[in-house]
Amino acid sequence: MNAPRFAAPARRTKKLPPLRVGIGGPVGSGKTTLLEMLCKGMRERYDLVAITNDIYTKEDQRLLTIAGALPEARIMGVETGGCPHTAIREDASINLEAVERMLARFPDADIVFIESGGDNLAATFSPELSDLTIYVIDVAGGEKIPRKGGPGITKSDLLVINKTDLAPLVGANLEVMASDTRKMRGERPYVMCNLKALDGVADVIAFIENKGLLTV
């Protein structure tokens with residue numbers, strides 16, 4: 001009797017490796033909404049997969065699946081079981097393994113999105129895990145947020161300031177926030193967004209394409 005044959009793992013056919021985009025920010029700032037909008041805005045042109053992080057659940061994976069951001073098989077939820085910061089920086093092994101598993105399923109993926117669990121302004125991604133980092137804050141957190149600094153504010157490749165529509169309700173001055181952001185970030189870019197209304201999403205997509213050399 002012949003031994004059973006098993007299909008060899010699919011191999012990547014594209015020359016360039018996939019771009020890994022890390023999305024971080026405090027709880028409730030709009031990370032999952034941004035990821036949803038990016039997937040919906042880029043999935044027709046690029047082969048996408050997404051990894052979400054939660055401490056004790058896979059809630060963000062569920063929300064993205066319900067929203068139809070990507071087919072269910074292309075969204076993987078990771079339960080970190082501890083500090084969200086650790087899982088993307090000091091010991092990113094659980095996320096590195098998730099990336100490896102997703103690329104085994106979809107070897108020709110162009111972009112791997114990795115959404116961190118909600119964390120503070122000190123959160124940063126390990127360079128082993130992410131090629132580009134996007135940090136999301138929101139106006140509802142207060143006009144002072146950009147002035148507080150922290151690696152997420154000052155060192156991320158792109159800062160997204162979300163929920164601009166709430167500025168009048170919380171007494172935040174968007175011009176002051178923009179000025180403070182420029183002082184804290186120097187030449188590093190930022191985008192003012194109202195993600196629910198898709199305002200600013202195109203700018204984030206353009207940044208990913210240009211900075212990630214996807215348009216070359």
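Glycine is no exception: its Cβ is also placed from the backbone N, Cα and C atoms.
Values in this document were obtained by computation on a predicted structure and should not be read as measured data.
Feature annotations, reproduced from Swiss-Prot:
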- Gly25, Pro26, Val27, Gly28, Ser29, Gly30, Lys31, Thr32: GTP binding site (BINDING)
- Message: Centre the Cβ atoms of Gly25, Pro26, Val27, Gly28, Ser29, Gly30, Lys31, Thr32, go out 8 Å, and tell me which other residues of that chain have a Cβ in range of the GTP site.
- Response: Gly118, Val136, Asp138, Asn162
- Task: Look at the binding-site residues Gly25, Pro26, Gly28, Gly30 and tell me which residue has the greatest number of other C-beta atoms within 10 angstroms of its C-beta.
- Result: Gly25
- Which residues does Lys31 (GTP binding site) neighbour through Cβ under 8 Å, counting only same-chain ones at least six apart? Ile23, Gly24, Gly25, Asp60, Glu115, Ser116, Gly118, Val136
